[in-house]
Amino acid sequence: MSENLERRRFLKCLGASSLIIAPLGCSSVEEEGESDQPHYTMVFDQNKCTGCGECKLACTTANNLPEGKSRLLLEQQSGGVVGEVCPHCGKTDCDCQRKYVRVSCQQCKNAPCVTVCPTGAAHRDEKTGIVTMDASKCAGCKYCIGACPYDARFINKETDVADNCDFCLNSKLSKGELPACVQACRYDALIFGDLNDPNSYVSKLLRVKDAVRMKPGFGTEPSLRYIPIVKLGV
Amino acid sequence: MDGSIEFTMGLSQGIAWPWPIAVYLFFAGISGGALSVALFIRFYKQQTENTAFLKAASLMSLVTISLGMLCLVLDLTNPLFFWRILVFYNLNSVMSIGVIALSAYIPLVALVTLFALEDEIRKFPALRFLLPVIAKLRGVRAPSEKVVLLLALSVCAYTGFLISALIRFPIINTSVLPALFVASGLSAGAAAAKMLAVGLFKEELHSSDMKVLHGIEWPIMAAEILFIFMLAMSLFTGNAGMQSAFTAFHSGTWASVFWIGIIGIGFVGPLLLNFATSKAFSHSAKALYMSGMCAVVGMMCLRLFIIYAGQNHGI
Ligand code: SF4
Ligand code: SF4
(Lines of atoms letter the chains of each structure in order from A and count residues from 1; the text may use other names and numbers.)
(Lines give C-alpha, C1' and ligand atoms only; values in the text may rest on other atoms or scores of the structure.)
(Ligands and ions follow the chains in the order given, each with its own letter.)
Protein backbone atom coordinates (compact mmCIF):
# COMPACT_ATOMS: atom_id res chain seq x y z
CA MET A 1 0.00 0.00 0.00
CA SER A 2 2.38 2.64 1.22
CA GLU A 3 4.79 1.57 -1.42
CA ASN A 4 2.16 2.26 -4.04
CA LEU A 5 1.44 5.65 -2.63
CA GLU A 6 5.11 6.42 -2.56
CA ARG A 7 5.43 5.43 -6.13
CA ARG A 8 2.52 7.54 -7.19
CA ARG A 9 3.93 10.53 -5.44
CA PHE A 10 7.28 9.87 -7.00
CA LEU A 11 5.76 9.72 -10.46
CA LYS A 12 3.89 12.92 -9.85
CA CYS A 13 7.04 14.68 -8.79
CA LEU A 14 8.82 13.24 -11.75
CA GLY A 15 6.14 14.59 -14.06
CA ALA A 16 6.23 18.01 -12.49
CA SER A 17 9.99 18.26 -12.43
CA SER A 18 10.34 17.07 -15.98
CA LEU A 19 8.21 20.02 -17.04
CA ILE A 20 10.75 22.27 -15.41
CA ILE A 21 13.84 20.40 -16.45
CA ALA A 22 12.86 19.47 -20.00
CA PRO A 23 13.32 22.93 -21.50
CA LEU A 24 16.74 23.16 -19.89
CA GLY A 25 17.67 19.79 -21.28
CA CYS A 26 16.47 20.70 -24.75
CA SER A 27 18.53 23.82 -24.93
CA SER A 28 21.69 21.88 -24.19
CA VAL A 29 20.90 19.20 -26.74
CA GLU A 30 20.34 21.76 -29.46
CA GLU A 31 23.94 22.90 -29.65
CA GLU A 32 25.01 19.33 -30.36
CA GLY A 33 23.50 19.84 -33.74
CA GLU A 34 20.76 17.18 -34.07
CA SER A 35 20.12 14.35 -36.42
CA ASP A 36 21.27 15.59 -39.81
CA GLN A 37 24.80 15.45 -38.45
CA PRO A 38 26.65 12.22 -39.23
CA HIS A 39 27.85 9.97 -36.45
CA TYR A 40 31.14 8.64 -37.69
CA THR A 41 32.05 5.28 -36.28
CA MET A 42 35.02 3.02 -36.59
CA VAL A 43 34.80 -0.70 -36.02
CA PHE A 44 37.88 -2.71 -35.11
CA ASP A 45 37.51 -6.41 -35.81
CA GLN A 46 39.91 -8.30 -33.60
CA ASN A 47 39.28 -11.50 -35.51
CA LYS A 48 40.83 -9.99 -38.63
CA CYS A 49 43.69 -7.93 -37.25
CA THR A 50 47.08 -9.61 -37.72
CA GLY A 51 49.11 -6.94 -36.01
CA CYS A 52 50.97 -6.00 -39.20
CA GLY A 53 51.08 -2.37 -38.17
CA GLU A 54 50.30 -0.90 -41.59
CA CYS A 55 47.64 1.28 -40.01
CA LYS A 56 50.20 2.89 -37.74
CA LEU A 57 52.53 3.68 -40.60
CA ALA A 58 49.72 5.08 -42.71
CA CYS A 59 48.67 7.31 -39.83
CA THR A 60 52.17 8.67 -39.37
CA THR A 61 52.48 9.56 -43.04
CA ALA A 62 48.99 10.91 -43.54
CA ASN A 63 49.11 13.21 -40.56
CA ASN A 64 52.74 14.32 -40.83
CA LEU A 65 53.66 12.97 -37.43
CA PRO A 66 57.22 12.64 -36.17
CA GLU A 67 58.85 9.40 -37.20
CA GLY A 68 57.69 6.37 -35.24
CA LYS A 69 54.78 8.25 -33.73
CA SER A 70 51.22 7.68 -34.74
CA ARG A 71 47.83 8.46 -33.29
CA LEU A 72 47.14 4.83 -32.54
CA LEU A 73 48.85 1.89 -30.92
CA LEU A 74 48.35 -1.82 -31.26
CA GLU A 75 48.43 -3.57 -27.94
CA GLN A 76 49.57 -7.15 -28.19
CA GLN A 77 47.77 -9.52 -25.88
CA SER A 78 48.02 -13.18 -25.16
CA GLY A 79 45.63 -15.22 -27.26
CA GLY A 80 45.71 -18.19 -24.94
CA VAL A 81 42.99 -19.21 -22.52
CA VAL A 82 44.19 -20.74 -19.27
CA GLY A 83 43.85 -24.52 -19.29
CA GLU A 84 43.06 -24.79 -22.99
CA VAL A 85 45.06 -25.83 -26.00
CA CYS A 86 46.40 -22.84 -27.89
CA PRO A 87 45.04 -22.75 -31.44
CA HIS A 88 48.36 -21.43 -32.74
CA CYS A 89 51.03 -23.62 -31.20
CA GLY A 90 49.01 -26.56 -29.89
CA LYS A 91 50.42 -26.33 -26.36
CA THR A 92 48.33 -25.77 -23.27
CA ASP A 93 50.95 -23.57 -21.67
CA CYS A 94 52.22 -21.14 -24.27
CA ASP A 95 53.11 -17.54 -24.50
CA CYS A 96 51.89 -16.89 -27.98
CA GLN A 97 51.02 -13.23 -28.28
CA ARG A 98 48.43 -13.31 -30.98
CA LYS A 99 45.73 -10.87 -30.12
CA TYR A 100 45.75 -7.19 -30.93
CA VAL A 101 43.70 -4.28 -29.73
CA ARG A 102 43.62 -0.90 -31.34
CA VAL A 103 44.41 1.85 -28.83
CA SER A 104 43.35 5.27 -30.05
CA CYS A 105 40.99 8.12 -29.38
CA GLN A 106 37.54 6.62 -28.91
CA GLN A 107 35.77 9.68 -30.31
CA CYS A 108 33.57 10.09 -27.27
CA LYS A 109 30.19 11.70 -27.72
CA ASN A 110 30.60 13.03 -24.22
CA ALA A 111 34.28 13.88 -24.42
CA PRO A 112 36.12 14.87 -21.24
CA CYS A 113 39.04 16.24 -23.26
CA VAL A 114 36.74 18.80 -24.88
CA THR A 115 35.09 19.80 -21.60
CA VAL A 116 38.36 20.24 -19.83
CA CYS A 117 40.42 22.10 -22.45
CA PRO A 118 40.80 25.71 -21.25
CA THR A 119 41.29 27.19 -24.70
CA GLY A 120 38.86 25.22 -26.82
CA ALA A 121 41.77 23.76 -28.78
CA ALA A 122 40.40 20.29 -28.20
CA HIS A 123 36.99 20.69 -29.77
CA ARG A 124 34.24 19.01 -31.72
CA ASP A 125 34.17 19.75 -35.43
CA GLU A 126 30.90 21.52 -36.21
CA LYS A 127 30.02 19.70 -39.39
CA THR A 128 31.08 16.17 -38.59
CA GLY A 129 30.93 16.04 -34.79
CA ILE A 130 34.44 14.59 -34.76
CA VAL A 131 36.65 15.45 -31.80
CA THR A 132 39.68 17.19 -33.23
CA MET A 133 42.36 19.78 -32.48
CA ASP A 134 42.91 23.39 -33.30
CA ALA A 135 46.68 23.35 -32.91
CA SER A 136 46.90 27.13 -33.04
CA LYS A 137 44.92 27.41 -29.79
CA CYS A 138 46.54 24.65 -27.72
CA ALA A 139 48.57 25.94 -24.81
CA GLY A 140 50.18 22.59 -24.07
CA CYS A 141 48.80 22.35 -20.54
CA LYS A 142 48.20 18.59 -20.85
CA TYR A 143 44.89 18.83 -19.01
CA CYS A 144 43.21 16.89 -21.80
CA ILE A 145 45.78 14.10 -21.54
CA GLY A 146 45.03 13.57 -17.88
CA ALA A 147 41.30 13.87 -18.45
CA CYS A 148 41.00 11.36 -21.30
CA PRO A 149 39.88 8.12 -19.65
CA TYR A 150 41.48 6.13 -22.47
CA ASP A 151 44.90 7.77 -22.30
CA ALA A 152 44.48 8.32 -26.02
CA ARG A 153 46.13 11.73 -26.37
CA PHE A 154 49.75 12.70 -26.62
CA ILE A 155 51.99 15.68 -27.14
CA ASN A 156 53.36 15.96 -30.64
CA LYS A 157 57.03 16.63 -30.05
CA GLU A 158 57.37 18.61 -33.26
CA THR A 159 54.55 21.04 -32.69
CA ASP A 160 54.53 20.96 -28.87
CA VAL A 161 50.76 20.65 -28.84
CA ALA A 162 48.33 17.88 -27.99
CA ASP A 163 47.13 15.47 -30.63
CA ASN A 164 44.50 12.74 -31.01
CA CYS A 165 43.08 10.47 -33.67
CA ASP A 166 40.39 12.45 -35.47
CA PHE A 167 39.58 9.92 -38.18
CA CYS A 168 41.99 11.89 -40.43
CA LEU A 169 39.42 14.67 -40.50
CA ASN A 170 41.74 17.21 -42.09
CA SER A 171 44.14 14.96 -43.93
CA LYS A 172 41.71 12.57 -45.62
CA LEU A 173 38.04 12.97 -44.74
CA SER A 174 37.86 16.55 -45.94
CA LYS A 175 39.03 15.28 -49.34
CA GLY A 176 36.35 12.66 -49.40
CA GLU A 177 38.73 9.83 -48.58
CA LEU A 178 38.56 7.20 -45.87
CA PRO A 179 40.87 7.51 -42.87
CA ALA A 180 44.44 6.48 -43.72
CA CYS A 181 44.44 3.44 -41.42
CA VAL A 182 41.22 2.12 -42.93
CA GLN A 183 42.66 2.47 -46.43
CA ALA A 184 45.88 0.77 -45.40
CA CYS A 185 44.38 -2.27 -43.69
CA ARG A 186 44.71 -5.24 -46.03
CA TYR A 187 42.67 -7.52 -43.82
CA ASP A 188 39.54 -5.41 -43.50
CA ALA A 189 39.97 -5.24 -39.77
CA LEU A 190 38.90 -1.60 -39.81
CA ILE A 191 35.51 -0.43 -40.99
CA PHE A 192 34.52 3.20 -41.07
CA GLY A 193 31.27 4.96 -41.80
CA ASP A 194 28.27 6.95 -40.68
CA LEU A 195 26.15 5.20 -38.10
CA ASN A 196 23.29 7.64 -38.67
CA ASP A 197 22.96 6.37 -42.22
CA PRO A 198 21.05 3.07 -42.05
CA ASN A 199 22.45 2.02 -45.44
CA SER A 200 26.10 2.46 -44.57
CA TYR A 201 28.21 -0.65 -44.21
CA VAL A 202 28.96 0.03 -40.53
CA SER A 203 25.27 0.30 -39.75
CA LYS A 204 24.55 -2.99 -41.48
CA LEU A 205 27.55 -4.65 -39.88
CA LEU A 206 26.66 -3.54 -36.39
CA ARG A 207 23.13 -4.78 -36.87
CA VAL A 208 24.34 -8.33 -37.31
CA LYS A 209 27.58 -8.44 -35.31
CA ASP A 210 28.11 -8.20 -31.59
CA ALA A 211 30.37 -5.27 -30.89
CA VAL A 212 31.46 -3.70 -27.63
CA ARG A 213 32.71 -0.32 -26.48
CA MET A 214 35.70 0.29 -24.28
CA LYS A 215 35.23 1.15 -20.59
CA PRO A 216 31.58 2.13 -20.95
CA GLY A 217 31.50 2.81 -17.21
CA PHE A 218 33.01 6.24 -17.73
CA GLY A 219 29.87 7.39 -19.48
CA THR A 220 31.82 8.93 -22.35
CA GLU A 221 29.84 7.11 -25.06
CA PRO A 222 32.72 6.25 -27.34
CA SER A 223 32.13 5.97 -31.11
CA LEU A 224 34.64 3.20 -31.62
CA ARG A 225 33.28 -0.35 -31.61
CA TYR A 226 35.27 -3.50 -31.10
CA ILE A 227 34.41 -6.99 -32.31
CA PRO A 228 36.30 -9.23 -29.89
CA ILE A 229 37.68 -12.64 -30.74
CA VAL A 230 35.07 -15.15 -29.68
CA LYS A 231 36.29 -18.46 -28.35
CA LEU A 232 34.22 -21.30 -29.67
CA GLY A 233 33.59 -24.60 -27.95
CA VAL A 234 33.71 -23.41 -24.37
CA MET B 1 36.00 -11.45 -16.96
CA ASP B 2 33.84 -8.34 -17.20
CA GLY B 3 35.03 -6.83 -20.44
CA SER B 4 35.46 -9.21 -23.33
CA ILE B 5 38.03 -6.79 -24.68
CA GLU B 6 40.17 -4.18 -22.98
CA PHE B 7 43.36 -2.26 -23.56
CA THR B 8 45.87 -1.22 -20.97
CA MET B 9 48.40 0.83 -22.92
CA GLY B 10 48.26 4.55 -23.47
CA LEU B 11 49.61 7.07 -25.93
CA SER B 12 50.78 9.72 -23.53
CA GLN B 13 53.78 7.76 -22.21
CA GLY B 14 54.14 8.64 -18.58
CA ILE B 15 52.17 10.87 -16.29
CA ALA B 16 50.55 13.94 -17.75
CA TRP B 17 51.15 16.22 -14.80
CA PRO B 18 54.56 15.87 -13.13
CA TRP B 19 55.96 17.52 -10.00
CA PRO B 20 55.83 21.17 -11.12
CA ILE B 21 52.06 20.88 -10.97
CA ALA B 22 52.28 19.52 -7.43
CA VAL B 23 54.54 22.45 -6.55
CA TYR B 24 52.08 24.84 -8.17
CA LEU B 25 49.21 23.37 -6.17
CA PHE B 26 51.36 23.76 -3.08
CA PHE B 27 52.21 27.41 -3.74
CA ALA B 28 48.65 28.32 -4.69
CA GLY B 29 47.43 26.66 -1.49
CA ILE B 30 49.94 28.53 0.68
CA SER B 31 49.11 31.80 -1.04
CA GLY B 32 45.36 31.47 -0.66
CA GLY B 33 45.60 29.98 2.81
CA ALA B 34 47.97 32.57 4.28
CA LEU B 35 45.98 35.50 2.98
CA SER B 36 42.61 34.07 4.01
CA VAL B 37 43.75 33.48 7.57
CA ALA B 38 45.27 36.95 7.86
CA LEU B 39 42.15 38.64 6.49
CA PHE B 40 39.89 36.50 8.67
CA ILE B 41 41.76 37.75 11.70
CA ARG B 42 41.70 41.32 10.40
CA PHE B 43 37.93 41.28 9.93
CA TYR B 44 37.23 39.27 13.05
CA LYS B 45 39.21 41.60 15.30
CA GLN B 46 38.26 44.63 13.24
CA GLN B 47 41.87 45.69 12.93
CA THR B 48 42.70 48.84 11.03
CA GLU B 49 46.47 48.95 11.57
CA ASN B 50 48.95 46.92 9.56
CA THR B 51 49.77 44.05 11.88
CA ALA B 52 52.98 42.09 11.53
CA PHE B 53 50.97 39.02 10.64
CA LEU B 54 49.05 40.79 7.87
CA LYS B 55 52.31 42.08 6.42
CA ALA B 56 53.87 38.65 6.50
CA ALA B 57 50.82 36.89 5.11
CA SER B 58 50.26 39.24 2.21
CA LEU B 59 53.94 39.22 1.25
CA MET B 60 54.01 35.44 1.53
CA SER B 61 50.89 35.24 -0.56
CA LEU B 62 52.25 37.45 -3.33
CA VAL B 63 55.58 35.65 -3.52
CA THR B 64 54.11 32.14 -3.48
CA ILE B 65 51.44 32.79 -6.10
CA SER B 66 54.08 34.31 -8.39
CA LEU B 67 56.33 31.27 -7.96
CA GLY B 68 53.31 29.06 -8.53
CA MET B 69 52.54 30.80 -11.80
CA LEU B 70 56.14 30.30 -12.84
CA CYS B 71 55.81 26.55 -12.24
CA LEU B 72 52.61 26.47 -14.22
CA VAL B 73 54.09 28.26 -17.20
CA LEU B 74 57.29 26.23 -17.18
CA ASP B 75 55.28 23.02 -17.19
CA LEU B 76 53.57 23.88 -20.47
CA THR B 77 54.99 21.92 -23.38
CA ASN B 78 56.10 25.26 -24.72
CA PRO B 79 56.09 28.13 -22.22
CA LEU B 80 55.78 30.59 -25.09
CA PHE B 81 52.21 29.35 -25.64
CA PHE B 82 51.14 30.77 -22.30
CA TRP B 83 49.26 33.68 -23.85
CA ARG B 84 46.82 31.28 -25.43
CA ILE B 85 45.31 30.42 -22.04
CA LEU B 86 44.79 34.12 -21.45
CA VAL B 87 43.20 34.81 -24.82
CA PHE B 88 40.99 31.78 -25.42
CA TYR B 89 38.37 30.70 -22.92
CA ASN B 90 36.15 27.67 -22.42
CA LEU B 91 33.78 28.23 -19.54
CA ASN B 92 33.14 24.49 -19.18
CA SER B 93 36.75 24.04 -18.17
CA VAL B 94 37.74 24.32 -14.53
CA MET B 95 41.15 25.54 -15.64
CA SER B 96 39.65 28.38 -17.63
CA ILE B 97 37.56 29.49 -14.67
CA GLY B 98 40.70 29.29 -12.53
CA VAL B 99 42.55 31.51 -14.96
CA ILE B 100 39.79 34.11 -14.66
CA ALA B 101 39.91 33.91 -10.86
CA LEU B 102 43.71 34.12 -10.81
CA SER B 103 43.84 37.10 -13.11
CA ALA B 104 41.70 39.00 -10.62
CA TYR B 105 43.41 37.47 -7.59
CA ILE B 106 47.04 38.21 -8.44
CA PRO B 107 46.71 41.98 -9.00
CA LEU B 108 44.50 42.25 -5.92
CA VAL B 109 47.05 40.39 -3.80
CA ALA B 110 49.68 42.82 -5.05
CA LEU B 111 47.43 45.72 -4.08
CA VAL B 112 46.67 44.34 -0.63
CA THR B 113 50.38 43.75 -0.09
CA LEU B 114 51.12 47.30 -1.11
CA PHE B 115 48.75 48.66 1.51
CA ALA B 116 50.01 46.32 4.20
CA LEU B 117 53.65 47.17 3.59
CA GLU B 118 53.25 50.93 3.34
CA ASP B 119 55.62 51.62 6.22
CA GLU B 120 58.28 49.30 4.85
CA ILE B 121 57.99 50.87 1.41
CA ARG B 122 58.52 54.28 2.96
CA LYS B 123 61.85 53.07 4.34
CA PHE B 124 63.29 52.14 0.94
CA PRO B 125 64.05 55.11 -1.32
CA ALA B 126 63.96 52.86 -4.37
CA LEU B 127 60.35 51.94 -3.66
CA ARG B 128 59.09 55.43 -2.80
CA PHE B 129 57.56 55.86 -6.24
CA LEU B 130 54.83 53.50 -5.00
CA LEU B 131 53.66 55.85 -2.24
CA PRO B 132 51.53 58.11 -4.45
CA VAL B 133 49.90 55.00 -5.92
CA ILE B 134 49.03 53.80 -2.43
CA ALA B 135 47.67 57.20 -1.51
CA LYS B 136 45.50 57.31 -4.59
CA LEU B 137 44.07 53.84 -4.14
CA ARG B 138 43.48 54.01 -0.40
CA GLY B 139 39.74 54.32 -0.92
CA VAL B 140 39.46 50.85 -2.43
CA ARG B 141 41.39 49.13 0.32
CA ALA B 142 38.43 47.80 2.31
CA PRO B 143 36.46 46.45 -0.67
CA SER B 144 39.51 44.90 -2.29
CA GLU B 145 40.36 43.11 0.95
CA LYS B 146 36.88 41.62 1.03
CA VAL B 147 37.03 40.52 -2.59
CA VAL B 148 40.50 39.07 -2.23
CA LEU B 149 39.45 37.01 0.77
CA LEU B 150 36.77 35.39 -1.35
CA LEU B 151 39.19 34.87 -4.20
CA ALA B 152 41.86 33.45 -1.89
CA LEU B 153 39.48 30.77 -0.67
CA SER B 154 38.36 30.10 -4.24
CA VAL B 155 41.94 29.69 -5.39
CA CYS B 156 42.55 27.06 -2.68
CA ALA B 157 39.37 25.22 -3.63
CA TYR B 158 39.99 25.63 -7.34
CA THR B 159 43.26 23.72 -7.15
CA GLY B 160 41.23 20.81 -5.82
CA PHE B 161 38.48 21.09 -8.44
CA LEU B 162 41.11 21.41 -11.15
CA ILE B 163 42.52 17.97 -10.60
CA SER B 164 39.39 16.23 -9.34
CA ALA B 165 38.06 16.54 -12.92
CA LEU B 166 40.50 13.81 -14.01
CA ILE B 167 38.03 10.94 -14.02
CA ARG B 168 40.36 8.08 -14.67
CA PHE B 169 42.25 8.36 -11.37
CA PRO B 170 40.21 7.27 -8.33
CA ILE B 171 42.50 8.98 -5.80
CA ILE B 172 42.23 12.29 -7.63
CA ASN B 173 38.63 12.08 -8.80
CA THR B 174 37.12 12.55 -5.33
CA SER B 175 34.72 15.17 -4.13
CA VAL B 176 36.52 15.82 -0.83
CA LEU B 177 39.65 16.97 -2.63
CA PRO B 178 38.68 20.67 -2.86
CA ALA B 179 37.74 20.69 0.83
CA LEU B 180 40.96 18.92 1.74
CA PHE B 181 42.99 21.41 -0.28
CA VAL B 182 41.26 24.37 1.37
CA ALA B 183 41.93 22.95 4.84
CA SER B 184 45.55 22.08 4.17
CA GLY B 185 46.10 25.40 2.40
CA LEU B 186 44.79 27.26 5.44
CA SER B 187 46.93 25.37 7.91
CA ALA B 188 50.17 25.44 5.92
CA GLY B 189 49.56 29.01 4.77
CA ALA B 190 49.03 30.15 8.33
CA ALA B 191 52.15 28.29 9.48
CA ALA B 192 54.29 29.80 6.74
CA ALA B 193 53.01 33.32 7.36
CA LYS B 194 53.55 32.87 11.10
CA MET B 195 57.19 32.02 10.59
CA LEU B 196 57.67 35.02 8.33
CA ALA B 197 55.87 37.29 10.79
CA VAL B 198 58.18 36.27 13.61
CA GLY B 199 61.33 36.11 11.52
CA LEU B 200 61.03 39.21 9.37
CA PHE B 201 58.42 41.46 10.93
CA LYS B 202 59.39 40.84 14.55
CA GLU B 203 56.00 39.64 15.69
CA GLU B 204 56.01 38.68 19.36
CA LEU B 205 55.64 34.97 19.98
CA HIS B 206 52.63 35.45 22.23
CA SER B 207 50.89 38.42 20.72
CA SER B 208 47.09 38.35 20.55
CA ASP B 209 47.19 37.53 16.81
CA MET B 210 49.34 34.54 17.52
CA LYS B 211 46.89 33.39 20.17
CA VAL B 212 44.02 33.51 17.69
CA LEU B 213 46.14 31.54 15.24
CA HIS B 214 46.84 28.93 17.87
CA GLY B 215 43.14 28.65 18.50
CA ILE B 216 42.21 27.95 14.89
CA GLU B 217 45.18 25.74 13.97
CA TRP B 218 44.07 22.59 15.70
CA PRO B 219 40.47 22.50 14.43
CA ILE B 220 41.71 23.03 10.86
CA MET B 221 44.20 20.22 11.28
CA ALA B 222 41.45 17.98 12.64
CA ALA B 223 39.33 18.75 9.58
CA GLU B 224 42.29 17.90 7.34
CA ILE B 225 42.75 14.52 9.01
CA LEU B 226 39.04 13.87 8.70
CA PHE B 227 39.08 14.66 4.96
CA ILE B 228 42.07 12.40 4.36
CA PHE B 229 40.31 9.65 6.27
CA MET B 230 37.16 10.18 4.19
CA LEU B 231 39.18 9.97 1.00
CA ALA B 232 40.89 6.76 2.05
CA MET B 233 37.65 5.20 3.25
CA SER B 234 35.72 6.01 0.10
CA LEU B 235 38.45 4.24 -1.87
CA PHE B 236 38.60 1.30 0.52
CA THR B 237 34.88 0.66 0.30
CA GLY B 238 34.50 1.59 -3.35
CA ASN B 239 34.42 -0.42 -6.58
CA ALA B 240 37.27 -2.58 -7.84
CA GLY B 241 39.15 0.32 -9.43
CA MET B 242 38.94 2.37 -6.26
CA GLN B 243 40.03 -0.54 -4.12
CA SER B 244 43.07 -1.12 -6.26
CA ALA B 245 43.92 2.56 -5.94
CA PHE B 246 43.71 2.14 -2.18
CA THR B 247 46.96 0.13 -2.34
CA ALA B 248 48.71 3.49 -2.78
CA PHE B 249 48.20 3.98 0.94
CA HIS B 250 50.04 0.85 2.00
CA SER B 251 52.57 -0.14 -0.61
CA GLY B 252 55.16 1.48 -2.80
CA THR B 253 57.17 4.67 -2.56
CA TRP B 254 54.14 6.90 -2.32
CA ALA B 255 52.87 5.00 0.70
CA SER B 256 56.09 6.05 2.47
CA VAL B 257 55.51 9.63 1.41
CA PHE B 258 52.02 9.34 2.84
CA TRP B 259 52.97 7.83 6.18
CA ILE B 260 56.28 9.59 6.77
CA GLY B 261 55.62 12.88 5.05
CA ILE B 262 51.94 13.59 5.51
CA ILE B 263 51.06 11.70 8.68
CA GLY B 264 54.44 11.64 10.43
CA ILE B 265 55.90 15.05 9.67
CA GLY B 266 52.70 16.89 8.84
CA PHE B 267 50.44 15.82 11.70
CA VAL B 268 52.36 13.93 14.37
CA GLY B 269 55.30 16.36 14.18
CA PRO B 270 53.45 19.51 15.26
CA LEU B 271 51.39 17.55 17.79
CA LEU B 272 54.50 16.15 19.49
CA LEU B 273 56.30 19.49 19.39
CA ASN B 274 53.37 21.16 21.07
CA PHE B 275 52.14 18.65 23.57
CA ALA B 276 55.02 16.28 24.31
CA THR B 277 57.67 18.83 25.12
CA SER B 278 58.25 21.06 28.10
CA LYS B 279 56.29 24.28 28.22
CA ALA B 280 59.47 26.29 27.93
CA PHE B 281 60.34 24.58 24.67
CA SER B 282 56.91 24.43 23.11
CA HIS B 283 56.52 28.17 23.63
CA SER B 284 59.89 29.02 22.14
CA ALA B 285 60.63 30.42 18.69
CA LYS B 286 62.48 27.22 17.86
CA ALA B 287 59.36 25.15 18.38
CA LEU B 288 57.36 27.59 16.28
CA TYR B 289 59.74 27.27 13.36
CA MET B 290 59.95 23.51 13.68
CA SER B 291 56.23 22.91 13.77
CA GLY B 292 55.73 25.49 11.03
CA MET B 293 58.18 23.65 8.81
CA CYS B 294 56.41 20.39 9.64
CA ALA B 295 53.09 21.79 8.45
CA VAL B 296 54.60 23.12 5.24
CA VAL B 297 56.51 19.93 4.46
CA GLY B 298 53.42 17.87 5.23
CA MET B 299 51.39 19.93 2.80
CA MET B 300 53.97 19.57 0.03
CA CYS B 301 53.97 15.80 0.58
CA LEU B 302 50.18 15.76 0.38
CA ARG B 303 50.22 17.47 -3.02
CA LEU B 304 52.98 15.16 -4.28
CA PHE B 305 51.14 12.11 -3.01
CA ILE B 306 47.87 13.11 -4.65
CA ILE B 307 49.53 13.95 -7.97
CA TYR B 308 51.86 10.96 -8.21
CA ALA B 309 50.03 8.18 -6.37
CA GLY B 310 46.88 9.45 -8.03
CA GLN B 311 48.19 9.29 -11.58
CA ASN B 312 49.95 6.00 -10.97
CA HIS B 313 46.68 4.34 -10.02
CA GLY B 314 44.40 4.84 -12.97
CA ILE B 315 41.51 2.68 -14.01
S1 SF4 C 1 38.95 9.07 -26.22
FE2 SF4 C 1 39.97 10.64 -25.08
S3 SF4 C 1 40.75 12.03 -26.62
FE4 SF4 C 1 39.20 10.79 -27.62
S5 SF4 C 1 37.29 11.96 -27.44
FE6 SF4 C 1 37.37 10.55 -25.70
S7 SF4 C 1 38.31 11.78 -24.08
FE8 SF4 C 1 38.76 12.82 -25.99
S1 SF4 D 1 46.99 20.53 -23.88
FE2 SF4 D 1 46.04 21.81 -25.46
S3 SF4 D 1 44.28 20.65 -26.13
FE4 SF4 D 1 44.93 19.75 -24.23
S5 SF4 D 1 43.70 20.78 -22.67
FE6 SF4 D 1 45.60 21.91 -22.81
S7 SF4 D 1 45.18 23.53 -24.27
FE8 SF4 D 1 43.55 22.00 -24.53
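Just so it is clear, glycine is given a Cβ too, placed from its N, Cα and C backbone atoms.
The transmembrane segment feature in TrEMBL is assigned to B:21-41 (among others).
Non-local neighbours of the transmembrane segment (B:53-74) in the same chain are 20-21, 23-24, 26-28, 30-32, 34-35, 37-39, 41-42, 47, 82, 102, 105-106, 109-110, 112-113, 116-117, 120, 152, 155, 189, 192-194, 196-197, 200-201, 203, 209-210, 213; each lies 6+ residues outside the stretch with a CB under 8 Å from one of its CB atoms. According to TrEMBL, the transmembrane segment annotation covers B:53-74 (among others).
Among residues of the same chain six or more beyond the transmembrane segment (B:94-117), those with a C-beta under 8 A of the stretch's C-beta atoms are 31, 35, 50, 54-55, 58-59, 61-62, 65-66, 69, 85-86, 130, 133-134, 137-138, 140-141, 144-145, 147-148, 151-152, 154-155, 158-159, 161-162, 165. What TrEMBL records for B:94-117 (among others) is transmembrane segment.
Same-chain neighbours of the transmembrane segment (B:147-171): 17, 24-25, 28-29, 31-33, 35-36, 39-40, 43, 61, 65, 94-95, 97-98, 101-102, 104-105, 108-109, 111-112, 177-182, 185-186, 231, 235, 238, 241-242, 245, 248, 306-307, 309-311, 313-315, counting only residues six or more beyond its ends whose CB sits under 8 Å from a CB of the stretch. Per TrEMBL, transmembrane segment is recorded for B:147-171 (among others).
As annotated by TrEMBL, transmembrane segment applies to B:177-197 (among others).
Sequence annotations record features per position, and here TrEMBL assigns transmembrane segment to B:218-236 (among others). If you look at the transmembrane segment (B:218-236), the same-chain residues 6 or more away from its ends with a CB under 8 A from one of its CBs are 170-171, 174, 176-177, 179-180, 183-184, 186-187, 190, 242-243, 245-246, 249, 262, 267, 270, 302.
Within the same chain, residues 221, 224-225, 228, 248-249, 282, 287, 290-291, 294-295, 297-302, 304-305, 308-309 sit at least 6 positions outside the transmembrane segment (B:256-275) and bring their C-beta atoms closer than 8 Å to a C-beta of that stretch. Annotated transmembrane segment per TrEMBL: B:256-275 (among others), in sequence order.
Residues or ranges marked as transmembrane segment in TrEMBL: B:287-309 (among others). Long-range contacts of the transmembrane segment (B:287-309) within the same chain, counting only residues at least 6 positions beyond its ends with a Cβ under 8 Å from a Cβ of the stretch, are 15, 17-19, 21-23, 25-26, 29-30, 163, 171-172, 177, 180, 184-185, 187-188, 191-192, 194-195, 198-199, 205, 228, 248, 252, 254-255, 257-258, 260-262, 265-267, 269-270, 273-274, 277, 281.
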**Message:** If we skip the immediate neighbours and take only residues 6+ beyond the ends of the transmembrane segment (B:21-41), which ones have a Cβ under 8 Å from one of its Cβ atoms?
**Reply:** 47, 51, 53-54, 56-58, 60-62, 64-65, 67-69, 71-72, 75, 109, 112, 145, 148-149, 152-156, 158-159, 163, 181-182, 184-190, 192-193, 209, 212-213, 216, 296, 299-300, 303-304, 306-308
**Item:** Surrounding residues of the transmembrane segment (B:177-197) on its own chain - C-beta under 8 Å, 6+ positions past either end
**Value:** 25, 28-38, 52-53, 55-57, 59-61, 64, 153, 156-161, 163-164, 203, 209-210, 213, 216-217, 220-221, 223-224, 227-228, 231, 288-289, 291-293, 295-296, 298-299, 302, 306
